[in-house]
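Please read the structure below before turning to the comments.
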Amino acid sequence: MLLPDWKIRKEILIEPFSEESLQPAGYDLRVGREAFVSGKLIDVEKEGKVVIPPREYALILTLERVKLPDDVMGDMKIRSSLAREGILGSFAWVDPGWDGNLTLMLYNASNEPVELKYGERFVQIVFIRLEDPPRNPYSGNYQGSTRLVFSKRKKL
């Protein structure tokens with residue numbers, strides 16, 4: 001079952017919370033302070049924006065910390081306005097028990113650069129209640145992330 005807006009406000013810890021980002025059945029996550037594009041770490045908060053060149057990918061940190069109860073998971077989709085500009089997103093499930101900022105991958109499939117401003121809404125997360133809590137909520141490598149995190153599989 002997807003959580004409606006009033007249950008999201010009541011049951012999901014989102015910091016900093018924005019009323020503008022709360023949707024009827026989800027929450028729009030915003031561009032955070034760090035990004036990784038073209039082999040470079042970008043201070044998005046300082047620069048005010050991040051630009052994703054054509055046919056390149058970017059890792060973007062969310063502004064929000066999201067803390068999920070043990071019986072709720074998250075699923076994310078790119079906002080349709082960005083999809084219409086050629087941005088694709090590849091996102092993992094947000095496991096029950098997750099706590100931290102999220103590092104998300106976007107790909108610019110267009111022939112034009114796409115600019116994202118610091119604090120801009122770019123991905124919607126919906127929250128799904130499980131029938132029962134898992135025996136082992138998430139406690140993996142990325143738990144507690146507050147900075148952009150690269151893959152633990154490979155060193156950059």
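All residue numbers here begin at 1 and follow the chain in the order shown.
Glycine is treated like the rest: Cβ placed from N, Cα and C.
Lifted from Swiss-Prot, the feature list:
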BINDING   ARG79, SER80, SER81, LEU82, ALA83, ARG84, ASP95, GLN124, TYR138  dCTP binding site
Largest tally of Cβ atoms lying within 10 Å of a Cβ, found at which of the binding-site residues ALA83, TYR138: TYR138
Local Cβ density at ARG79 (dCTP binding site) - other Cβ atoms counted within 10 Å: 16
Max pairwise CA distance, angstrom, over record-listed dCTP binders ARG79, SER80, SER81, LEU82, ALA83, ARG84, ASP95, GLN124, TYR138: 33
Cβ atoms near ASP95 (dCTP binding site) (within 10 Å, other residues, all chains): 19
Spatial neighbours, same chain, of SER81 (dCTP binding site) - Cβ under 8 Å, 6+ residues apart: none
